[in-house]
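*Asks:* Provided herewith is a single structure, encoded as structure tokens, for subsequent inquiry.
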Amino acid sequence: MGKEPLTLKSIQVAVEELYPNKARALTLAQHSRAPSPRLRSRLFSKALKGDHRCGETETPKSCSEVAGCKAAMRHQGKIPEELSLDDRARTQKKWGRGKWEPEPSSKPPREATLEERHARGEKHLGVEIEKTSGEIIRCEKCKRERELQQSLERERLSLGTSELDMGKGPMYDVEKLVRTRSCRRSPEANPASGEEGWKGDSHRSSPRNPTQELRRPSKSMDKKEDRGPEDQESHAQGAAKAKKDLVEVLPVTEEGLREVKKDTRPMSRSKHGGWLLREHQAGFEKLRRTRGEEKEAEKEKKPCMSGGRRMTLRDDQPAKLEKEPKTRPEENKPERPSGRKPRPMGIIAANVEKHYETGRVIGDGNFAVVKECRHRETRQAYAMKIIDKSRLKGKEDMVDSEILIIQSLSHPNIVKLHEVYETDMEIYLILEYVQGGDLFDAIIESVKFPEPDAALMIMDLCKALVHMHDKSIVHRDLKPENLLVQRNEDKSTTLKLADFGLAKHVVRPIFTVCGTPTYVAPEILSEKGYGLEVDMWAAGVILYILLCGFPPFRSPERDQDELFNIIQLGHFEFLPPYWDNISDAAKDLVSRLLVVDPKKRYTAHQVLQHPWIETAGKTNTVKRQKQVSPSSEGHFRSQHKRVVEQVS
């Protein structure tokens, strides 16, 4: 070779020429046993003194492999091998730089590069060569520390699984406990108290503050489990077994069942307490009872929302028994005073035609038709009010209310109820029959009435209202059509109040807008709440019509909205010549009834004490007023017909 410098390439070429079959032996020698750190230090120091670039050689996967390669070459004792090896390494370096091209001054992170390439099984090309023996030793220390850490983790995982199988640890959710294992601190962070810190954070120690301990697993919900599938399977089996044992030991109460249904997450923590020690089960029951009492206290503070609960029928029965009147009112309707009123007593479920024979129609309405009828045995005449159920459309309570109110009233000036029949399609009210017709027909016939007759009629009406109002019952539909005229044998007349379809017990202000437009009170239209006073307003309108033949509030254009505005204003006049012959006492009573403010309006008792009513009662034989001419009577009749059209 002459004076050529001794290089690794020349040694490699010489070795290949002399020992063509020894290349594989050199490669295999890399996996031999690693020598001591002292020997490796000498090898690398020698290489640095010889000024050959060790980093440009084929770098082994670990420090032990590098030392093994050098030891194999020294064991052979052939310098030409080193020359040929140097040439081979330089050839690979040229090819490798085409791929990697690392900067001369850059030094990639040692641990990250080694671990990443070791995982991919690649050879580490382009690593800096200026590594001292101290760095190699530290790499070996890191490897040993990692192995020690992995062994400690395996021991901890096995210890945790054994804890679960033994039934140890506080109340934790199974899934949260599994996820917590991956986020514990490594021994590097706390090397001095590695095992001691594990005991402090372990699930064997019973927590002083259960609330804080229960909140810990939530911090590690996003962590991943490092254990293998076998460890997870064994952990799940152990937890399931412990849970089964706990369920068999602990009694399951109805309160516990309801708590499981309402709040799954808190109960899952307590129900999955299968890794509790057996001797601590009593404390667990006490804690669960405390949680149950807190739940019950919260339920008492908050309104019950049964719609959001998901319970079985068995679990829900106690709650339904406690909340029965609120959740299922339809079963206790007859017994509940605050809900729908009970059905009236004495309703006969039979065919009414077997007992009564019907005659002509004497009246009709929105829901009913009134016919004459006669009892088949006694031959007594009655009025049969036939109510069609199909027209009620859920307003059956109105009929029941009417029946109950009529049954509660007993007065000479109120129509009496005799019997009630009911079938699947209709309801039959057998009422007192008044032969004289209603007051509306009487007004059409007579146009107007003398003051004594009008006073007697208002007296009869107010007597009926006194009886009703004393029972806090408001009629709400007073009008001439609902006042029946009974003609007595002495040629006198008596008014009887009928049709209690809109009657109602007044216990608080009513806001329902109802009635007939001509007779409706202003407080009903204002929708500010009303009471018994609306009947007295209607009585004032009826008195006005009885004295002059037309209503006090009229719309020239027959516009209902305009009529309602006039009623709410309360302006009316005693128009001449119709009121020229009417006494001031009669006008005074009308003025005291047609008052917009219901508090200032006359009551039924005050009407009966008015001088005009008292005088009419005492002097029933006062001369009738002078009859008006036929032409004026025809004028009043046509005007009253227009009023009737407005009412209809």
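Using the three backbone atoms N, Cα and C, a Cβ is placed for every residue, glycine included.
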*Asks:* According to Swiss-Prot, ILE362, GLY363, ASP364, GLY365, ASN366, PHE367, ALA368, VAL369, VAL370 bind ATP; which one of LYS385, LYS389 is listed for that same site?
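*Replies:* Looking at LYS385, LYS389, the one Swiss-Prot places in the ATP site next to ILE362, GLY363, ASP364, GLY365, ASN366, PHE367, ALA368, VAL369, VAL370 is LYS385.
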*Asks:* In Swiss-Prot, which of 607-627, 628-648 is labelled region 'Disordered'?
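*Replies:* In Swiss-Prot, the region 'Disordered' feature sits at 628-648.
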*Asks:* How many Å lie between the Cα of ASN366 (ATP binding site) and the Cα of ASP477 (active site, proton acceptor)?
*Replies:* 14
*Asks:* Does ILE362 (ATP binding site) have same-chain partners at least 6 apart in sequence with Cβ under 8 Å from its own Cβ, and which are they?
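*Replies:* Those within reach of ILE362 (ATP binding site), by Cβ under 8 Å and sequence separation of 6 or more, are VAL370, LYS371, GLU372, ALA383, GLY437.
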*Asks:* Tell me which of the binding-site residues ALA368, VAL370 sits in the most Cβ-dense spot, judged by other Cβ atoms within 10 Å.
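*Replies:* By the 10 Å Cβ neighbour count, ALA368 comes out on top.
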*Asks:* Would you kindly give the Cα-Cα distance separating ASP477 (active site, proton acceptor) and ASP364 (ATP binding site), rounded to the nearest Å?
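*Replies:* So the alpha carbons of ASP364 (ATP binding site) and ASP477 (active site, proton acceptor) sit roughly 15 Å from each other.
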*Asks:* Return the count of C-beta atoms lying within 10 angstroms of the C-beta of ASP477 (active site, proton acceptor), excluding that atom itself.
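*Replies:* Summing over all protein chains shown, ASP477 (active site, proton acceptor) has 20 other Cβ atoms within 10 Å.
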*Asks:* What whole-number distance in angstrom separates the two most remote CA atoms of the ATP-binding residues ILE362, GLY363, ASP364, GLY365, ASN366, PHE367, ALA368, VAL369, VAL370, LYS385?
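*Replies:* Answer in Å: the longest Cα-Cα distance is 15.
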